[in-house]
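> Below is a structure I'd like to ask you about.
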Amino acid sequence: MAPYSLLVSRLQKALGARQYHVASVLCQRAKVAMSHFEPNEYIRYDLLEKNINIVRKRLNRPLTLSEKIVYGHLDDPANQEIERGKTYLRLRPDRVAMQDATAQMAMLQFISSGLPKVAVPSTIHCDHLIEAQLGGEKDLRRAKDINQEVYNFLATAGAKYGVGFWRPGSGIIHQIILENYAYPGVLLIGTDSHTPNGGGLGGICIGVGGADAVDVMAGIPWELKCPKVIGVKLTGSLSGWTSPKDVILKVAGILTVKGGTGAIVEYHGPGVDSISCTGMATICNMGAEIGATTSVFPYNHRMKKYLSKTGRADIANLADEFKDHLVPDSGCHYDQLIEINLSELKPHINGPFTPDLAHPVAEVGSVAEKEGWPLDIRVGLIGSCTNSSYEDMGRSAAVAKQALAHGLQCKSQFTITPGSEQIRATIERDGYAQILRDVGGIVLANACGPCIGQWDRKDIKKGEKNTIVTSYNRNFTGRNDANPETHAFVTSPEIVTALAIAGTLKFNPETDFLTGKDGKKFKLEAPDADELPRAEFDPGQDTYQHPPKDSSGQQVDVSPTSQRLQLLEPFDKWDGRDLEDLQILIKVKGKCTTDHISAAGPWLKFRGHLDNISNNLLIGAINVENGKANSVRNAVTQEFGPVPDTARYYKKHGIRWVVIGDENYGEGSSREHAALEPRHLGGRAIITKSFARIHETNLKKQGLLPLTFADPADYNKIHPVDKLTIKGLKDFAPGKPLTCIIKHPNGTQETILLNHTFNETQIEWFRAGSALNRMKELQK
């Protein structure tokens, strides 16, 4: 077959002056597969172009890149109502990705649907269940042994229903997606909040709950509230110690943890070209920490280089032909615009306890002294889905190499997490891994590990005040090691490496000196490393399982006595009545993430067993009544006890309950267990000042009522000992508030209004008891 460019030239001559887009015609002749693993699933830029043109004609204005990709995947572009921040869009994603902790519940729900095969390309990635304890291979062997039942379930379910399966040790889902599945213009949903990582390759990649994934795998259009678009214009260029991570650390400081809610963050401007493709992925990945729906960069030559180096030059060539649809239109409108001069940007470090508390590295030491944060760094950790690229490892190794040249090793413990088997094998071949070991590092398994709390930490006791510095994305209280007194900071991997060598937050590598083994002072030079290996990537071990062509004989077994897996029972339908005298299970004080609602770490092993995982319901949330975690008053016995035990007591005695929350309730992970658990234990509504996007959708999917105070000050009117009645459900309608009657123990009452974001389809989920119940109703 002729080279792609030659085919284009011939078609141009053949078409002459006829008004066709050359690539649209070429798509008929030179189909390009979405990935090497699915040779019969093709990229449909022709359909993307057609849909964009329909929408452009309707809206009659320039489009942002986000709009092009999102609207280009509309189920009905000719008739879909489109209004940013208001209407719900019905979309057709190109593919689904699931990590092993969330895939269990997603596949259990898909099995319940009764469908024979997934309708779109889908994959499962084993990365969340591997605990960091001793180091790479030993931890991997241990995980395979402990989680054999779950891995077998996921592998056989994947084989049965046509889902690709990436075995334990293959790497972190988002790195695997970037290496194999993401491409410019793709619409991908993943059951992990850091799915936006794929925006570094020009795709719209969105984190969702498992129920959303089930809809898409079932071939049902996926609903998303039409996102607003926040533009971040980048000028200047990165240099020295400043890295791509500093861009998102700066943006997080500007927008805060909820500033991106309901919006796509779209980076653009001349500064983009100074950032590598994997650097763009880092920025998009951590956009989850500002609540953004996703983040995206425009297609450019850095993405083309990455596609070519990862064996996908054919996709890059096709993207070149359709580039007009993979970049924003000139003059497009952003709902908010932020400008950052990369030439003036300084290295940042954010934390502790929240990823939006931003400090220049030069200032964090003095701030820590003032605030009483521990200055000594106990552990430095690099890697994770945010920062585990070849370039990241190379820049960290460049710092480590300088220390070694002066006879130094890390003063702090130091761990390295490769993002994938391909990255691990390549950094071993090119010597980076050995340099990082020589400086005192331990190379962990290709998995999430300490970033999600899978860390058997031995150097401290629970409650001991200490500081760790990571290149991760999230630093909520107790997230990494379950110790609420661990002060976790996030920064770039090269800054982590420098700080681990110095051992203190007071060290600024841009200005400060270290003392070598010979007693002489020296300063670390800004690291420099290749963004991609000069030779080809080393793929390492084969860790992929293709689904068989014929799966008719494939069995998927779930033992009724299993403590790890449990088939799902349908939730009860709405009984047609208002919710009377709801007991308040807990009134939450302050930040309440999905980690607080459904903890990870040791609880990950129960992610496929709803009843067992429900024993962690809200154990991290702070009760406003007593200022304690996992201690609430039982309204019947008047005794204080654990939240899950109290919820089970209420369920056993037929007492329906509600949770009262604060701002941005449910921020963080996409885990739908944080919605399944309250539903399973008898919850009916969650009332807050505001919700994080994914969690709000997950609650709706499970038949719960996520409601917000029409007046946020009404949060203060409710006391943990009150009872609530929610009225107006018989006339439940989009945009129409519900009424809440607060009944105080002294007999007095107050009436407040509660808002919601339900549309007609979502109201049907509530009436049916869940989105899955509604799907089954529609199949009859």
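Cβ coordinates come from backbone N, Cα and C, glycine included.
As the structure is a computational prediction, the values presented were derived from the model and not from experiment.
If you look up Swiss-Prot, you'll see GLN99, ASP192, SER193, HIS194, ARG474, ARG479, ARG607, SER670, ARG671 marked as substrate binding site. Taken from Swiss-Prot, the feature [4Fe-4S] cluster binding site covers CYS385, CYS448, CYS451, and the record attributes it to experimental evidence. Residues or ranges marked as compositional bias 'Basic and acidic residues' by Swiss-Prot: 524-537. Annotation comment: Swiss-Prot describes 551-560 as compositional bias 'Polar residues'. Per Swiss-Prot, the feature N6-acetyllysine maps to LYS50, LYS138, LYS233 (among others). According to Swiss-Prot, the N6-succinyllysine annotation covers LYS50, LYS138, LYS144, LYS411, LYS573, LYS591, LYS628, LYS689, LYS730 (among others), on the basis of similarity to another entry. Annotation comment: Swiss-Prot describes 524-560 as region 'Disordered'. Swiss-Prot lists 1-27 with the feature transit peptide.
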> When the Cα of CYS451 ([4Fe-4S] cluster binding site) is compared with the Cα of each of the modified residues LYS144, LYS573, LYS628, which one is closest?
LYS144
> Roughly how many Å separate the Cα of ARG671 (substrate binding site) from that of CYS448 ([4Fe-4S] cluster binding site), to the nearest whole number?
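CYS448 ([4Fe-4S] cluster binding site) has its Cα 15 Å from the Cα of ARG671 (substrate binding site).
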> Under the DSSP assignment, what numbers of helix, strand and coil residues are found in the compositional bias 'Polar residues' (551-560)?
0 helix, 0 strand, 10 coil
> Show, in sequence order, which residues other than CYS385, CYS448, CYS451 on the same chain lie with their Cβ within 8 Å of the centre of the Cβ atoms of the [4Fe-4S] cluster site.
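What remains near the Cβ centre is ASP127, ILE172, HIS194, GLY383, SER384, THR386, THR417, ALA447, GLY449, ILE452, TYR472, ASN473.
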> At the Cα level, what's the spacing in Å between CYS385 ([4Fe-4S] cluster binding site) and ARG607 (substrate binding site), rounded?
21
> Of all the recorded positions given, LYS138, ARG474, LYS591, ARG671, LYS730, which has the fewest Cβ neighbours within 10 Å once its own Cβ is left out?
LYS730
> Which one is it, among the recorded positions LYS50, CYS448, LYS628, that lies nearest to LYS411 (N6-succinyllysine) by Cα separation?
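Checked the recorded positions LYS50, CYS448, LYS628; minimum Cα distance to LYS411 (N6-succinyllysine) goes to CYS448.
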> Counting by DSSP secondary structure, give me helix, strand and coil numbers for the compositional bias 'Basic and acidic residues' (524-537).
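Final tally across the stretch: 0 helix, 0 strand, 14 coil.
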> Max Cα-Cα distance in Å among GLN99, ASP192, SER193, HIS194, ARG474, ARG479, ARG607, SER670, ARG671, the residues listed as binding substrate?
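Farthest-apart Cα atoms in GLN99, ASP192, SER193, HIS194, ARG474, ARG479, ARG607, SER670, ARG671 are separated by 20 Å.
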> Of the recorded positions LYS233, ARG607, LYS689, which sits closest to LYS591 (N6-succinyllysine) by Cα distance?
LYS689
> Mind giving me a neighbour count for LYS144 (N6-succinyllysine)? Other Cβ atoms within 10 Å of its Cβ, every protein chain shown.
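Neighbour count, Cβ to Cβ under the 10 Å cut-off: 16.
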> Using other CB atoms within 10 angstroms as the count, which residue among the binding-site residues GLN99, SER193 scores least?
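Result for the binding-site residues GLN99, SER193: minimum number of other Cβ atoms within 10 Å at SER193.
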> Of all the recorded positions given, LYS50, LYS233, LYS411, ARG607, LYS689, which residue's CB has the most CB neighbours within 10 A?
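The residue with the densest Cβ neighbourhood is ARG607.
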> Tally every other Cβ atom lying within 10 Å of the Cβ atom of CYS448 ([4Fe-4S] cluster binding site).
33
> For LYS689 (N6-succinyllysine) and SER193 (substrate binding site), what Cα-Cα distance in Å is obtained after rounding to a whole number?
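About 22 Å separate the Cα atoms of these two residues.
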> Using a 10 angstroms cut-off on Cβ to Cβ distances, just flag whichever of LYS573, LYS628 is the loneliest among these modified residues.
LYS628
> Measuring CA to CA, name the entry from the binding-site residues GLN99, SER193, CYS448, ARG474, ARG607 that ends up nearest LYS50 (N6-acetyllysine).
SER193
